[in-house]
Amino acid sequence: MAQQEDVFKKIVSHCKEYGFVFPSSELYDGLGAVYDYGQNGVELKNNIKQYWWQSMVLLHDNIVGIDSAIFMHPTIWKASGHVDAFNDPLIDNRDSKKRYRADVLIEDQIAKYEEKIEKEVAKARKRFGDSFDEAKYRETSERVLENQAKRDALEQRYKDAMNGNDLQAIKQIILDEEIVDPISGTRNWTDVRQFNLMFKTSMGSTAEGASDIYLRPETAQGIFVNYLNVQKTGRMKVPFGIAQIGKAFRNEIVARQFIFRMREFEQMEMQFFVKPGTEIDWFKSWKEMRMKWHQALGFGAENYRFHDHEKLAFYANAATDIEFKMPFGFKEVEGIHSRTNYDLTQHEKFSGKSIKYFDPETKESYTPYVIETSIGVDRMYLSVMCHAYQEEQLENGETRTVLKLPAALAPVKLAVLPLIKKDGLPEKAREIMNDLKFHFNCKYEEKDTIGKRYRRQDAIGTPYCITIDHETLTDNCVTLRDRDTMKQERVPISELRSLIEDKVTITGLLKKLQ
Ligand code: ATP
């Protein structure tokens, strides 16, 4: 685990050193859990967004996009339940003066019991070898059963406490489970309190006339309140979806782990409106489609898992998370929720206006049910970075740091490198670049030795480099180097585009989804 933490630290500093992610306002010592994306970071981020957007809007003829405002009428947040219930239970440790989410402390404790069980099973697997009957072992091993019972009892207590909004019971669980503060090591806890995560500001020029408004904590509500506008003007028929990418803001209590939990972040959300009664089938197919989208990046199926929710929000009838194996464990990257008709019904109630869908075929009006897919751009970005970052031992004893990014997401696709800065090589390189730059992102570099330039490109994940040498001037060929294999081959300039383009554009990725 310590080793994994070291890797994570290296990824964070790599992001800063190579222009991917900077702490916000660094000149003024930073601002908690807010980050800026640098020159390479913004390209990678845009590519992730493009991959998502195109997979939704280009590949589905019944999904369209919108871009709604961050500021919205304050009653929207009353209707959605955020004003009253978008809270996290927080608890302080009096010795370390650190603040924690009480629910996370308990969930971590549940995970500890699960880890103990898995360790027992792994030990037995090693001991018994081929004759190991895992199912039987899980049913009969005393240690496994004991930990399973503790885990289940804890989960039941936790569920009851959360569902009943019983803060005293939540604290009692923390005390009974003897959960200690990882920093102070003590159990000197305060009471549990609810904390609303929305940022508030005011709109209007005079204090008296101003009204309180919120920075949106999710982009979804902008879709709900526009769904009928889009349906009518776009002549959409249920089932149909609306996609949106935009900023969201949450005053997170504990904001750690770099861009995993931020106070200003970006979401990619799609609300799919369906006929009541069909939602569970649609939920299942969106689960599959979204997993396929993740796995098309080629990071390996073993690094993903679903985490089906047992504790459902009262209005939801199914929910799951797609989790990715980060250096600090499997973590949620995306949520898929079957939200029934809760949000639309609430907006009807609070606005006093009918927003029912009229089905032209059956001639009936109804409030559609909604399946939501909601993914954080920044969390997705972190998962990509964590998987791509590698330190490789080379045959000559050197190590190289390389970002094995999927080529379609890489900030720069092709580095154009004249071997030396004279003899007409820079001019030839510029000529090639001027031709290719319309098709994908190219970068010209002439400083330092070729070896150093290759390393720099490896560090930002550039999948291809070409070197222009003296022979190029006569044979019109260049040396093409592959980032992952480091193999070099001589190829005609005229073939460069066709060799590279398919591999580095989003289209190639999208084709895997069909
Ligand atoms: P968590 O339990 O981690 O707080 P959540 O379940 O509240 O997340 P949702 O409300 O379902 O998250 O939001 C959908 C997605 O938005 C998440 O899967 C995640 O990728 C992203 N997200 C949510 N909060 C943050 C945050 N503070 N920083 C970065 N991304 C976030």
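Cβ atoms are placed via backbone N, Cα and C, with glycine included.
When the candidates Glu146, Glu218, Glu323, Glu427 are compared with the substrate site entry in TrEMBL, which names Arg101, Phe265, Glu266, Gln267, Met268, Glu269, Glu372, Thr373, Ser374, Ile375, Gly376, the shared residue is Glu218.
Of all the binding-site residues given, namely Arg250, Glu252, Arg261, Arg263, none has its Cα within 10 Å of the Cα of Ile375 (substrate binding site).
Highest local Cβ density among the binding-site residues Glu252, Glu269 belongs to Glu269, counted as other Cβ atoms within 10 Å over all protein chains shown.
Relative to Arg263 (ATP binding site), the binding-site residues Arg101, Glu269, Thr373 all have Cα atoms farther than 10 Å away. Per-residue pLDDT, averaged across the domain 'Aminoacyl-transfer RNA synthetases class-II family profile' (151-418), gives 95.
Here the Cβ of Gln267 (substrate binding site) has 20 other Cβ atoms within 10 Å, regardless of which shown protein chain they belong to.
Within the same chain, residues at least 6 positions away in sequence whose Cβ sits under 8 Å from that of Thr373 (substrate binding site) are Glu269, Met270, Phe272, Trp286, Arg290, Glu334, Gly335, Ile336.
Val377 (ATP binding site) falls within a helical segment according to DSSP.
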